[in-house]
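Remarks on the structure that follows.
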Amino acid sequence: MLDLKLLQRSPEVVAKALADRGSSLDMAEFTALDERRRALLAEVEALKGERNKASGEVARMKRAGEDAAPLLERLSGLSDRIKDLDRETEEVKAAVNDWLLAVPNIPDASVPFGRSEADNPEVLRWGEPRAFSFAPKEHWEIGTALGGLDFERAGKLAGSRFAVYRTWAARMERALANFFLDTHVTEHGYVEIIPPFMVNRKTMTGTGQLPKFEEDLFKLEGWDYFLIPTAEVPLTNLHADDVLEEAQLPMGYAAMTPCFRSEAGSYGKDTRGLIRQHQFTKVEMVRFAHPERSFDELEKMRGHAEVLLQRLGLPYRVITLCTGDMGFSSAKTYDIEVWLPGQNAYREISSCSNCGDFQARRAGIRFRPAGGGKPEFAHTLNGSGLAVGRALVAVIENYQQEDGSVVIPEVLRPYMGGMERVTAE
């Protein structure tokens, strides 16, 4: 949620920043609501002052034995009017809040201008894509041939965009998740969390999924619960309505959870394989930072994701999302894209974002400055560390052999009982 004072003070600046990210902003609606809110507050304060003055006069008249009935009637009318105005004020405040909840975050000044993913600048590349002596296959073909992925039975069980993992693929999925979590917890200082996989509407609103993106979510019929699209949602909201101590910052949580997405608007995209599923596993990183140091934390978080790919020996590149390609809650985002030889393309495997105080304002996440003073909003960050299914895709495609087998990266072998290679059953 944007700072109300910023909108009041610099509406043109906000409108320009949001236009840069392709979002139209009806400032006239906000201005009308805000002016009405302020007018109501001013009228209520004036009437309360009048009521207080009249109450004092009634007390004086009673002490003097004078007839205060006319003034008491006036007081009753003032109280009724104040109640009516208070009710209207709350309605207008709710309308302002609803308007604010639908407005995306403002891009940081360091974010490049652009209209689409075609305008995202590349930051760096790591690793050299392997030169194959044969035509590399896509992961779904290899995984099916080796008996590890079963899309046909998944379709029978649930429908399209689901997968059944068997034998080595199930074990590799678990191995990847454990490797990711172990690295984040033991080396990067994250606290491991197992959160609920269902959350309520307030929690979804806190991180920005609601109210705007309800069609992208799975809601439990008859319950006010949603399946989480990412562990960012429960991890960030662990501190909703909390006041942290500045000494606690920065702090980080990591979780491995299933994620559930409707993939609305993705019809026809990545219809085969594991790239775009309704249910997938992801290890998520969430950090809470001091406002003056949150962009340093973003660079650290990106590094925490990159080191996993480096240890797996998977080539990747990092891009900065331009203004027109950013997520709703983000002030700045890096995408990390892993090389998939079967597709002859880099595909996203991690997205690391600094949301500034945007989510903190929605969820009420504050910290108390070390030197005292009024609590301030913390900055929140989130990043994939990593998408487990896509990591499995990358391992299969990059480590495939001409005989159809797949070599297991050395870093995963301790998690897979020393297995070195996957061969046909």
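Numbering starts at 1 and runs along the chain as it is shown here.
Glycine is treated like the rest: Cβ placed from N, Cα and C.
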Margin query: Starting from the L-serine binding annotation in Swiss-Prot that includes Thr230, Ala231, Glu232, Glu284, which of Ser110, Ser116, Ser384, Ser405 is the extra site residue?
Written below: Ser384
Next item on the list: Rounded to the nearest Å, what's the C-alpha distance separating Glu263 (ATP binding site) and Thr230 (L-serine binding site)? Just drop the number here, would you?
Entry: 13
Next item on the list: For Glu263 (ATP binding site), list the number of other Cβ atoms lying within 10 Å of its Cβ atom.
Entry: 14
Note to self: If you count, for each of the binding-site residues Thr230, Ser262, Ser350, Ser351, Ser384, the other Cβ atoms lying within 10 Å of its Cβ, which residue has the minimum?
What the structure shows: Ser262
Check: Whose Cβ lies within 8 Å of the mean position of the Cβ atoms of Thr230, Ala231, Glu232, Glu284, Ser384, the L-serine site, other than those residues?
Finding: Val233, Leu235, Ala255, Thr257, Cys259, Lys282, Val283, Met285, Val286, Asn382, Gly383
Checklist line | Around the Cβ of Arg261 (ATP binding site), the count of other Cβ atoms that are within 10 Å | finding: 19
